[in-house]
Amino acid sequence: MSQQQISLPAKLINGGIAGIVGVTCVFPIDLAKTRLQNQRQGQQVYKSMIDCLVKTVRSEGCFGMYRGAAVNLTLVTPEKAIKLAANDFFRYHLSKDGRGLNLFKEMLAGCSAGMCQVIVTTPMEMLKIQLQDAGRLAALQRKPGIIPSTRLATTNAVLSRSYNVVPRAASATQIARQLLHTEGIQGLYKGLGATLLRDVPFSIVYFPLFAHLNKMGKPSPDETAPFYWSFISGCAAGSTAAVAVNPCDVVKTRLQSLNKGANEDTYTGVVDCFRKILKREGPSAFLKGAGCRALVMAPLFGIVQVMYFVGVGEYIMSQSPLKLISD
């Protein structure tokens, strides 16, 4: 099998492995991000990321920090693989005669990659958020003076029981089955518009920025940058893009949270959500969890780019029986 033929499968393997390693490392921070973004004024359970993680460990144990990690680890492989491979695919087809891309075409390739990945990202985020936010709602119910939640976005036992103080919480599989049963496939794609508003601009910022930062570390135009430079470039580009699109991430998190605490707003769409947050919580609400999101995306995409450029996938494919058959 030629290098050109094994290129796409190898890139998919690289993206998948990188996603699993990265998510495992940063998932507790992502959980804190979700819970902080869902807090409303006057109903704060957590003061900061550290306070959130400490309280999570105290009330839910160490494994509580990884609530929702299973669905993320299951779907992050195709998600990261699609994102990285699609960007390379569009960059290749937008280039002419082997010449480099201009900034507009780099942004167009990133935009296209972001649109492709939401096929997997939206249901992954949808299920993950229900599990991540369950602990916050349970803690909110235990706070003195807070009326237990009775107004839910959906009325079904599987979803609601994960937010009550019960020994066993609903799993991602149970939530997915219930959503499919009650709402069909669109139930898993609730918040698709907000996900597009987050992921497309993220990719537009991230990929060109990474390409230019990584290019600065190349000893010569014909050589690749050292792995540590790719890591630094991935961290810088990932954190910058994450903070830039954080307002869209807040809106997406609110829209995809099916269960609400007492007196928490429900939203009919992206515009309604943006308007209500701005009116009732002020502009600063759109920066909730921005620090956590930067801390998540920096090492995540640093690890992704190192794994991607080290070429683990290429090595695996070169040792596979498929290569022997084609030879």
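Note that Cβ sites are derived from N, Cα and C of the backbone, with glycine treated the same way.
Remember, TrEMBL labels are computer predictions, not curated facts.
Feature annotation from TrEMBL assigns repeat 'Solcar' to 6-93, 101-216, 225-314. Positions annotated as transmembrane segment by TrEMBL: 12-32, 285-310.
Broken down by DSSP into helix, strand and coil, the repeat 'Solcar' (6-93) contains 74 helix, 0 strand, 14 coil. Long-range Cβ contacts of the transmembrane segment (12-32) within its own chain (Cβ-Cβ under 8 Å, at least 6 residues beyond either end) map to 46, 49, 52-53, 56, 65-69, 72-73, 76-85, 132, 289, 292, 295-296, 299-301, 303-308, 310-314, 316-317.
Mean predicted confidence for the repeat 'Solcar' (6-93): the pLDDT average there is 86. Remark: secondary structure over the repeat 'Solcar' (225-314) totals 70 helix, 1 strand, 19 coil, with classes taken from DSSP.
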